[in-house]
Amino acid sequence: MSEKPTVEQLIAAAHARAGSDDELALLDAVVAVTQDLSGQADEAVDQVVRQVRAAGHSWTAIGERLGVSRQAARQKYADRVDRIQEAPATVGLIRGRDLSNGLAAALAEAETEGLTEAGTEHLLLGLLTDGVAAATLEQLGVTRDKIRDASRRLFDYPTRAARTGEPVFSAEAKAALAVAEQLATERTPVCAPVVVNTAQLLAVIATNPGSRARRVLNDIGIDPADIKRQLHCYIDIPRTAFGRRARRKRRPDDTSARCSFCGHPRSAERRLVAGPDVWICADCVALCGEILAQPADVGPAH
């Protein structure tokens, strides 16, 4: 291995790079030279960290060697060494930062519990980290403690044992990710890049009746219909050229239209107002006005 370059050698390299005697040009050059060396050092560390991770060593062990905490090591190197290799995104898709953070949190939760696999219940925990899914779950009163308590009641986790390597996603979790990617592909306008985020993944795991995440939500008392309602505007976008659903032109005498809320057909006595793929009759408009006129703290009657 060559010796560490001396200060004189670095300045000489900067002079050669600057190509002039201008002091400011020399300053730019010496900064560039030292950055090159720093970049090479970072690349070397990244490569070795990648090898260490591939060998099955934990972030805790890596952090101890680097003199930092496990969390600091993960935050600094996770993205650079492709932390989530167990469930790579499909070619041509972009995994949103909120989803990447959620997946990393799910794996970290499984690791904390001493498990070899992260299931959809861990995905549910991870989705509370960031993004639309986190806001949706929080609005419905879902917390990490509730998910953990329900998971312990519903599932028989193995006792802690010596484990080699990091946890990976279970087959069910991988399948959920694949379906979320498909959902993102179907509902993204063709002129836009396909970005998979937490909204699609939450919709998938919450509406699958047999998933472990759905069983947890049922145990907590969360209605999947409420989740679908919250996520509707984020994922219900048809895949057309400009992301808008083509409207079927109706003849002026078309009597097939019905109120989207009460189901009554259009008639001379019951006029309808058209919206984007929706009709509403005069009676339902009046009912909406009555509901909105109520005090804010008075909910609809059950």
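Note: Cβ is positioned from N, Cα and C throughout, glycine not excepted.
Taken from TrEMBL as is:
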BINDING   Cys259, Cys262, Cys281, Cys284  Zn(2+) binding site
DOMAIN    91-238  domain 'Clp R'
DOMAIN    246-300  domain 'ClpX-type ZB'
**Request:** Write out how many residues of the domain 'Clp R' (91-238) are helix, how many strand and how many coil, based on DSSP.
**Result:** 90 helix, 8 strand, 50 coil
**Prompt:** Counting Cβ atoms within 10 Å across all protein chains shown, which of the binding-site residues Cys259, Cys262, Cys281, Cys284 comes out on top?
**Reply:** Cys281
**Prompt:** Within 8 Å of the centroid of the Cβ atoms of Cys259, Cys262, Cys281, Cys284, which other residues of that chain place their own Cβ, given that this set defines the recorded Zn(2+) site?
**Reply:** Ser260, Phe261, Gly263, His264, Arg270, Leu272, Trp279, Ile280, Ala282, Asp283, Val285
**Request:** Would you mind giving the whole-number mean pLDDT across the domain 'Clp R' (91-238)?
**Result:** 85
